[in-house]
């Protein structure tokens, strides 16, 4: 769409997160900085109802428990019924059997529109061999673009692989997003924030492939701008929020760096 950020700030979509306890505060603030409204409702007694009044659902398995996974399934079912986008951030898949089983349970039980993870996490979900150290990517043994395309076809979801270059595929098309800065990898939480950003862009754009590209371009441009004013991770994190808050569609269009394959 022509002016997604303007649309977000005018409509202020409510983005329901069931996310991890490490970065929940960061995801809420990043959602707000873009102009959307965050809500973090995890309890099974209310989560589906909260999803029912939201414009997108973002699930993050960074700190999984059986109870939280149950809430994710309830909310995702409500999102499917309402036909709002569901984003799954597969944090730490490949690190433990429990995470792998819970991710598979979600994907096997409900419709997930956008599946996000680093190269290792997506490779593991796609059945490829991959090495993961905690929640950090280490290495994969196959072409990531090929993995993204094949997994998108298999899952009927948009696949987002984040790394030095971000790979997005709907099974037929591929975007390679080159915006961003290495300082984004120096603070905990930018990957989780990226999932929130994808969710809020998908809330206003039903083309989830295009929405994912827009989200990562906008977030990456903000990272580039923040790095110019930063001396290290601490100042960078503060500046990242400020640059997102001060972004405009015109500014991002002049700095977008991506290619389509």
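Just so you know, glycine gets a Cβ as well, placed from its N, Cα and C.
Bear in mind that the values here come from a model prediction, so they are computed numbers and not experimental data.
Over all protein chains present, the Cβ of residue 40 (substrate binding site) has 17 other Cβ atoms lying within 10 Å. Per Swiss-Prot, substrate binding site is recorded for 40, 189.
Note: residue 116 (ATP binding site) has non-local neighbours 87, 88, 89, 90, 160, 162, 194, 195, 198, i.e. same-chain residues 6+ apart with C-beta under 8 A of its own C-beta. Annotated ATP binding site per Swiss-Prot: 116, 162, in sequence order.
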State the count of C-beta atoms found within 10 angstroms of the C-beta of residue 162 (ATP binding site), not counting that atom itself.
27
CB contacts for residue 189 (substrate binding site) [other CB atoms within 10 A, all chains]:
20
